[in-house]
Amino acid sequence: MSPYVLLLLLFSLGLGTTMTFASSHWLLAWVGLEINTLAILPLMAQSHHPRAVEAATKYFLIQAGGAAVLLFAGTTNAYLTGQWDIQQAAHPLPIAIITLALALKLGLAPLHSWMPEVFQGLSLTTGLILATWQKLAPLTLLLQIQPVNSPLLIFLGLASTLIGGWGGLNQTQLRKILAYSSTAQLGWMVLVLQFAPSLTTLAILVYITAATATFLTLKLAKATSINMLAISWAKAPALVALTPLVLLSLAGLPPMTGFMPKWLILQELSKQGLAPTATLAALTALLSLYYYLRLSYAMTLTMFPNNLAGTLPWRLSSHQLTLPLACLAIATISLLPLTPAALTLVAL
């Protein structure tokens with residue numbers, strides 16, 4: 001792909017997300033989401049592989065359907081309330097329709113079934129954009145409407161944490177595992193969204209850091225399946241020793257950074273009188289922990305079953321920049337002591 005075309009597409013991605021961030025009008029928010037969708041489609045199909053074209057087609061159809069439902073809900077809200085302002089969506093019917101449309105665009109369960117298939121057809125770089133940047137605009141709209149006392153959000157959050165953990169148990173393809181991981185992480189954010197939006201913001205920032213470190217690690221190892229992780233030790237031994245800590249941070253185990261948002265979310269849910277919900281969410285996190293440990297085991301404690309013919313993998317030089325990966329890995333592992341500072345920011 002030409003650098004100028006790539007620059008134009010990345011600029012369009014930033015423009016669409018920024019437009020949705022800054023909009024207070026449903027029509028402008030819809031335009032921003034559409035720009036986002038159209039900008040990432042060429043990136044998804046740039047390899048011209050049938051799987052990539054299929055993934056781009058599926059993504060376009062799903063996102064177009066979600067945007068159409070969102071526009072319909074915005075029109076319904078304007079008909080019922082007399083205005084298009086996002087924060088004036090007070091009628092429960094438009095709020096419910098908008099929440100479901102944004103859940104479809106985010107990939108929340110039970111509207112998540114498109115995500116693993118789309119991720120499987122993408123490169124790791126495009127999958128990283130889809131798992132992180134593309135979640136920001138719909139999540140911002142959810143934060144703006146803030147449906148209070150909505151059982152729908154609790155249901156979507158719990159279903160996402162459960163299915164996101166359960167769905168990845170039997171997978172061997174890394175991109176499908178990361179898709180289910182994204183669904184599970186979004187479930188945690190949605191659970192606390194109506195009670196403490198600042199905690200949702202903290203959770204998405206921590207998830208973006210950990211997910212970026214994970215995707216860059218897999219890209220450096222050139223691994224797309226669990227079996228391919230078995231030769232990673234020969235390519236980057238130090239990175240393979242560090243990767244289990246990154247994966248455990250993504251799972252939310254102490255003393256890694258990923259424990260911070262889950263701990264604060266469970267604490268907030270308990271304060272809101274939702275101790276059973278917090279307990280169930282904590283139990284579903286164990287399902288996700290299983291496949292993170294499975295990836296760690298495949299990377300560090302197994303060897304590839306066959307001898308490799310040709311060039312030995314440790315003699316191949318990588319063209320990927322390792323400084324961003326190193327910074328992200330350190331941030332993913334070691335920021336838990338900054339929890340008091342995060343609590344101060346959340347209180348503000």
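Quick reminder: no glycine exception, Cβ is built from N, Cα and C everywhere.
What you see is a predicted model, and the numbers here were worked out from it, not measured in a lab.
Quick look at what TrEMBL annotates:
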SIGNAL    1-16  signal peptide
DOMAIN    23-286  domain 'NADH:quinone oxidoreductase/Mrp antiporter transmembrane'
TRANSMEM  59-80  transmembrane segment
TRANSMEM  92-111  transmembrane segment
TRANSMEM  148-170  transmembrane segment
TRANSMEM  177-196  transmembrane segment
TRANSMEM  202-221  transmembrane segment
TRANSMEM  233-253  transmembrane segment
TRANSMEM  273-293  transmembrane segment
DOMAIN    289-342  domain 'NADH dehydrogenase subunit 2 C-terminal'
TRANSMEM  325-347  transmembrane segment
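Taking Cβ pairs closer than 8 Å, the signal peptide (1-16) reaches residues 32-40, 42-43, 46, 129, 133, 137 in its own chain, all 6 or more past its ends. Spatially, the transmembrane segment (233-253) is adjacent to the transmembrane segment (325-347); three or more Cβ-Cβ distances between them are under 8 Å for residues at least 6 apart in sequence.
Only pairs six or more apart in sequence are counted, and the transmembrane segment (177-196) with the transmembrane segment (59-80) gives fewer than three Cβ pairs under 8 Å, not enough to call it a contact.
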